[in-house]
Each structure stands twice: as C-alpha cells, then as structure tokens.
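**Student:** Could you have a look at this structure, given as structure tokens, before my questions?
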Amino acid sequence: MARIAGVDIPKQKRGVIALTYIFGIGRSRAQEILAQAKVDESKKVSDWDDDEIGKIREAVGQFTIEGELRTEVQISIKRLMDIGCYRGIRHRAGLPLRGQRTKNNSRTRKGRRKTVANKKKATK
C-alpha cells in the first residue's frame with residue numbers, strides 16, 4: 001500500500017479513485033493532481049513506481065488536506081457559533097442549516113427519536 005499524506009492508499013484501485021481516500025481530495029482534484037504529476041489516471045496504484053509516488057506526494061502537499069482541513073472547518077464552524085449568526089445558532093442547536101423543513105424529517109441532524117409520553121386527559 002502506498003502511503004500519501006498519512007493515509008494508506010488501496011493498491012487494487014485506479015489512481016483517481018484511490019486518491020479520494022484522502023480527506024479533502026475529490027474526483028476532480030484527484031484528476032488535477034495526477035495530470036500535474038504526469039501519471040496516467042487509469043493506472044492502478046500497484047503499478048505506480050517510486051518516482052511517480054514522489055511526484056504525487058509533492059502535488060498533494062500543495063493542498064490543505066486531512067487534519068489541517070478538519071481543523072480549519074471546525075474553526076470556521078466555531079466562529080459562526082461565536083458570532084451568533086443564524087447558521088451558528090442552528091449548529092449549536094443541532095438542526096439543519098440550509099432551510100430544510102424540520103417538522104417531519106431531518107433525523108440525521110436531530111439524532112434518534114425521543115419518545116414523549118402522552119398526557120392523561122382530565123376527568124370530569
């Protein structure tokens with residue numbers, strides 16, 4: 001297994017797909033990196049030689065990825081919460097941020113359902 005940016009890249013996959021295992025690198029950025037390193041996109045990781053891996057490491061090093069990117073995202077979310085804007089309030093409350101309805105859905109953000117017991121009706 002090739003190790004790039006602290007991530008084990010699977011050997012049996014094509015280069016474009018394998019690079020997406022790194023947090024912060026999607027398909028288009030992976031294609032861009034391989035073009036910059038002059039490595040064939042359809043070539044499997046197991047067929048890469050040390051020279052190609054070195055070029056890919058250099059190209060990947062130019063981007064903000066993995067832990068650095070995660071930290072950046074966390075800091076920007078914390079900033080939104082600190083300034084008290086709408087998005088920050090929604091983050092704090094654990095609700096969807098982008099205008100989705102919350103009456104029926106949004107279970108991913110809210111978490112599991114919390115059952116609420118029925119009130120007993122008052123007798124006359």
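Every residue, even glycine, has its Cβ placed from backbone N, Cα and C.
Computed from a predicted structure; not experimentally measured.
Straight out of Swiss-Prot:
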type	residues	note
COMPBIAS	100-124	compositional bias 'Basic residues'
REGION	94-124	region 'Disordered'
**Student:** Who are the chain neighbours of the region 'Disordered' (94-124) in space, where the CB to CB distance is under 8 Å and they lie at least 6 residues beyond its ends?
**Tutor:** 87
**Student:** Based on DSSP, tally up the residues of the compositional bias 'Basic residues' (100-124) by helix, strand and coil.
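**Tutor:** Each residue of the compositional bias 'Basic residues' (100-124) counted once, the result is 4 helix, 0 strand, 21 coil.
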